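These notes concern the structure reproduced below.
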C-alpha cells in the first residue's frame, strides 16, 4: 500500500515538472518574471506620483497667479480711489481732503475756562509784546482747564500732542504733556478740553510766570510754538 502511494506521488511530481518545463516556467524563469512584474508595477506607481506632483505644481502655480491678481487689485481710477479713501477716513467730507500727503493743522484759539468766570480766549497769533507783559491773570487756588480750537486739512494727523512748560524766576515749576490723539480732516474745527487743574496758592505762588506751549504730531512737525507771560494773584483782576 505505501509503495503504491509513493509511486503515485512520484509520478505526479514528474508529470507536474514536465508540464512546467513544457510551459517554459522553470524556477529561474518564474523568478525573472516576478522581478519584471514588480519593476513594472514600481514604474507605474512612480509615474502616478510624478503626475500627482505635476498636478500639485500646476495648482500652486494657479494659486500664485490668483494671489498675484488679487494683489494687483486696487484703486484703478479716480472713483475707486475716492471710495477707497472714504473707507479709510470714514464719515469725512472728501471735499476737504486734498492730494497732499502732509496734514495741515491750524490752531485757532486757546481758551482758559474757570467756573463762574467768563471764558478767557487767547487768539493766535499772540501780540508781539506778550513775552514781556502778562497775557492774562489767574486767581490763586482757583480751578481752571484749557480748551483748544483747531482745524485739520489735507490729510490725517496722528499723535497730536500738547506740551506746556512753566517757569518762575527762571526755574521750571511745571511741565504738562497731553496726547490729544489722531484727527481726520474736516471743515468744522475741533474743540478739545484738557483736564481740570488748580492754580498754586500762597505768598510764594503769587507773581509773574513765563510759559511755552507747543503742539506737535508723531512725525515731530510743529503746529504751534508760542511763549508768553501770565500772573497769579490773590484776587481776580477787576473787570
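Keep in mind that glycine also has a Cβ here, set from the backbone N, Cα and C atoms.
No curator has checked TrEMBL annotations; they are predicted automatically.
Since we're looking at a predicted model, the values are computed, not measured.
Here TrEMBL gives region 'Disordered' for one range in the set 32-78, 79-125: that range is 32-78. Within the listed segments 1-20, 141-160, TrEMBL records region 'Disordered' for the stretch 1-20.
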